[in-house]
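Reviewing the structure listed below.
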Amino acid sequence: MQGCDGSILLDATPTIDSEKTALPNNNSARGFEVIDMIKAEVDKACGGKPVVSCADILAVAARDSVVALGGPSWEVQLGRRDSTSASRTTANNDIPSPFMDLPALKSSFQKQGLNERDLVALSGGHTIGFSQCQFFRNRIFNETADNIDAEFARERRASCFAGSGDANLGSLDGSPTRFDDGSPARFDGSYFKNLVEKKGLLHSDQALFAGGSTDSVVKGYGSNNGRSFWFDFASSMVKMGNIKPLTGNRGQIRVNCRKVNA
């Protein structure tokens, strides 16, 4: 979490404090082998040389994944170089927690140069994927009816238990958690519609629609077929891609995305 420099791709070594095992990433950030395969194909196309950085590959892969799931496209600005270090401590401190309230979320995003609208738009990335029970257990068992739909909480408690099931999954967009249901793998506005109905899976999700300054943005994104969400998400992804990139002579272009060049 040092910026858009591919630091998350580095495996642990005696000198690399891998971000893969940071609390927000451990058993959550996945698919590293996919980046390895893309890197091999890109290098092959470039005459067998490491011409394109792992950081740029990661940025393009993020865009193409959104497009493949029915979401918007954007022009990825290229030219990043790869870091030669990683910081698990920085990742633990800077990646927003699923237990945060709105003021903490806003502060976390502002620290990276992102505003309130960026916060809501980028949180909309939760329209795809799943979260582990350990990150939403407290919400479904202990939060009150003014902040969580009672039936939604009961449904989640069927697979996320009071004292077990930490790794059991729930759909991040608040839809029923069924792997044959396309919603967790479809980039749409269901995340925001469910927030309005108090069906946010994580406490930090529902914090975006809980009587605060972001309520109107959430409502807007959940309407007009998600067009404003698509536009703002694309714009915010470009902004996020420009957080502390390494360019020029800084960093390197890794031969292997998992380790620093010898």
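A Cβ is built for glycine as well, from the same backbone N, Cα and C atoms used for every other residue.
TrEMBL has this to say about the protein:
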DOMAIN    1-261  domain 'Plant heme peroxidase family profile'
BINDING   Gly3, Asp5, Ser7, Glu19  Ca(2+) 1 binding site
DISULFID  Cys54-Cys257  disulfide bond
BINDING   His126  heme b binding site
BINDING   Thr127, Asp180, Asp188  Ca(2+) 2 binding site
DISULFID  Cys133-Cys160  disulfide bond
Thr127 (Ca(2+) 2 binding site): tally of other CB atoms within 10 A of its CB: 31
Sparsest-packed of the listed disulfide-bonded residues (Cys54, Cys160, Cys257) - C-beta count within 10 angstroms: Cys257
From Cys54, Thr127, Cys133, Cys160, Asp188, Cys257, the recorded positions whose CA lies within 10 Å of that of Asp5 (Ca(2+) 1 binding site): Cys54
Nearest-integer angstrom distance between the alpha carbons (Cα) of Glu19 (Ca(2+) 1 binding site) and Cys257 (disulfide bond): 14
Pairwise Cα distance for Cys133 (disulfide bond)/Ser7 (Ca(2+) 1 binding site) [Å, integer]: 27
Spatial separation of Asp188 (Ca(2+) 2 binding site) from Ser7 (Ca(2+) 1 binding site) - C-alpha basis, Å: 29
Nearest of the recorded positions (Gly3, Cys54, His126, Cys160) to Asp188 (Ca(2+) 2 binding site), judged by Cα-Cα distance: His126
Averaged pLDDT, computed only over the residues in the domain 'Plant heme peroxidase family profile' (1-261): 94
